[in-house]
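Marked as topological domain 'Extracellular' by Swiss-Prot: 20-315. The N-linked glycosylation site annotation in Swiss-Prot covers N55, N186, N254, N296. According to Swiss-Prot, the feature domain 'EGF-like' maps to 249-290, an assignment based on sequence analysis. Under the heading transmembrane segment, Swiss-Prot lists 316-336. For 337-756, the entry in Swiss-Prot reads topological domain 'Cytoplasmic'. Residues or ranges marked as region 'Disordered' by Swiss-Prot: 402-439, 557-578, 608-694, 711-756. Here Swiss-Prot flags 424-437 as compositional bias 'Basic and acidic residues'.
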Amino acid sequence: MRRDPAPGFSMLLFGVSLACYSPSLKSVQDQAYKAPVVVEGKVQGLAPAGGSSSNSTREPPASGRVALVKVLDKWPLRSGGLQREQVISVGSCAPLERNQRYIFFLEPTEQPLVFKTAFAPVDPNGKNIKKEVGKILCTDCATRPKLKKMKSQTGEVGEKQSLKCEAAAGNPQPSYRWFKDGKELNRSRDIRIKYGNGRKNSRLQFNKVRVEDAGEYVCEAENILGKDTVRGRLHVNSVSTTLSSWSGHARKCNETAKSYCVNGGVCYYIEGINQLSCKCPVGYTGDRCQQFAMVNFSKHLGFELKEAEELYQKRVLTITGICVALLVVGIVCVVAYCKTKKQRRQMHHHLRQNMCPAHQNRSLANGPSHPRLDPEEIQMADYISKNVPATDHVIRREAETTFSGSHSCSPSHHCSTATPTSSHRHESHTWSLERSESLTSDSQSGIMLSSVGTSKCNSPACVEARARRAAAYSQEERRRAAMPPYHDSIDSLRDSPHSERYVSALTTPARLSPVDFHYSLATQVPTFEITSPNSAHAVSLPPAAPISYRLAEQQPLLRHPAPPGPGPGSGPGADMQRSYDSYYYPAAGPGPRRSACALGGSLGSLPASPFRIPEDDEYETTQECAPPPPPRPRTRGASRRTSAGPRRWRRSRLNGLAAQRARAARDSLSLSSGSGCGSASASDDDADDADGALAAESTPFLGLRAAHDALRSDSPPLCPAADSRTYYSLDSHSTRASSRHSRGPPTRAKQDSGPL
């Protein structure tokens, strides 16, 4: 339902018409600040000025009509008491469209809810229109303008100069005007007025300043709240002129002659002589200012120096950056080199440790490579050479291992001193094995760790060790003088660990290979350690075990025992055996004794090794102990016939022991023999060597269990082979003693004297 126009509404038309003719400000903020009521509304309908209620729903816009406007938004400072969603009547001379939104700048009338337009309505969808209105219609937002102090400028004729006027405050934005000598300046060809920073400042710019432009300038800023002014001065320096001194009165050239002077020169006409002259700007000279005078050389030079300095700084920075980059690259290279060198040194150190002589289970010279074994799995690893003949180096029959600086004692026996002896260094090293009566045990097994050093003996400890070895050697010589002679030597066997080939393999500095002996000790027996100048040569040995020990049980197969004689206890061999047993086994008591050859053949041997590698059979291809030949008659011819045709025996894979079948054959041959081991003469031995007698195979490293089984077997002992043996006699006293013990049979060949 449409509301009827209020009474007296026709009287409003006069006021509306006046509002249409009122001047409007250029700034929207000025209009908003000037108008008493500012609202945003939507046109609901239009009515003619006569108040007729029969107008159509949609009518074209027309001036002098009354519009029904619904208030959508308002500003507190200019609300006029209106509320949102309220409908008011607005008389406007501007064309309006129904259902369109406008910002109305209104003035109240005498009638309530009836307003007239103060300024033309503005479309709120324009650029920042509503925002600009909000900036001015806020509390304490509108201020009068306040200008900053203007700086005076000084320039030369023809230069470009400008004066700047800037407002420090002012809302709405003020408008600017420039004045000189009380006259307002407008834009022209030589003068331009520019605005910047949202019309917050104004600039008066001269394209080419002239002498006439010098003077005082005034800038005025004004808004609806007030105005402010500021003053500034422009100074123009005069330049030299080419006017002749004799010239009279001069005046400026007319427009047609102004082009006579170039480069900003001012043309003058000299009356009287009717000649044109030019007033040249700074830096130019000549009749027409066509020459560059280099007047501003210092100024240009300053710019050039500044540019040169900047260029120099840039170059310095570039060179510094390159140097820093090279330094970083160098540091990275040095770090990488040091790291690589350290890794290479560690690798070489590991390789040297792997080649160190103290490394266990090192492969011996000329021997096959075996996998590394624990000390519990192997007692000794020996490698036998097939082409090296038996050497002349001998080893004493005592089984006590002697080393420098160590002593093993038992409560009831004498102490045994262990010192390594070496008499011929140019040939090879030999081991002197001595054994006291305290080292007697069937269940004892061991491995000795020995390493050969290559350093020179210069330290006091080494000199002391040499002195001890010399003293021990002289003591052993005295003890050997009182002992009966023994004909077989462990060194006579080619496969013996004390042979030249084996010892050289152990003592070669280039192929240092350790040989281990481990002794199982009782829990109550302490151990001791032998120290040497070289810490890598230290040897740890157990003391002597206080139990009984038989020498023959340690080396069961090194020598072939002789077959039994005609009867027990008869013959020179039996006497020698008794003498030997009484000397070495004083506490054995009465009972059956073993043959002398069996005991003598096993002295000085090392314990057997239970570890046998089948792949080594092709390398270690020596023969085992062959059975003795059939009984030889007393004549030399018969002995030659019986010694021919020796039979080879193949050894079995079980710890190098002979098979049971071979043992039975040897037993049958031994029973048929009519004489003992000691009945063979030197001539028979020579004949046996000429006929190719059997060469015994060295099996010195047999297991303890196999050795004990061989010793405790019921089969009679075998005689040792007579080939490739080295015999020795200790001295004249021992020779006489051996002749007394063996009256009937002749003695064997002379052996080498003294250990090597």
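Just so it is clear, glycine is given a Cβ too, placed from its N, Cα and C backbone atoms.
N186 (N-linked glycosylation site) and N254 (N-linked glycosylation site) are 25 Å apart (CA-CA, integer value). The predicted model assigns the domain 'EGF-like' (249-290) a mean pLDDT of 79.
Counting residues of the domain 'EGF-like' (249-290) by DSSP class, helix then strand then coil, yields 6 helix, 15 strand, 21 coil. For N186 (N-linked glycosylation site), the count of additional Cβ atoms within 10 Å of its Cβ stands at 9 [all protein chains shown].
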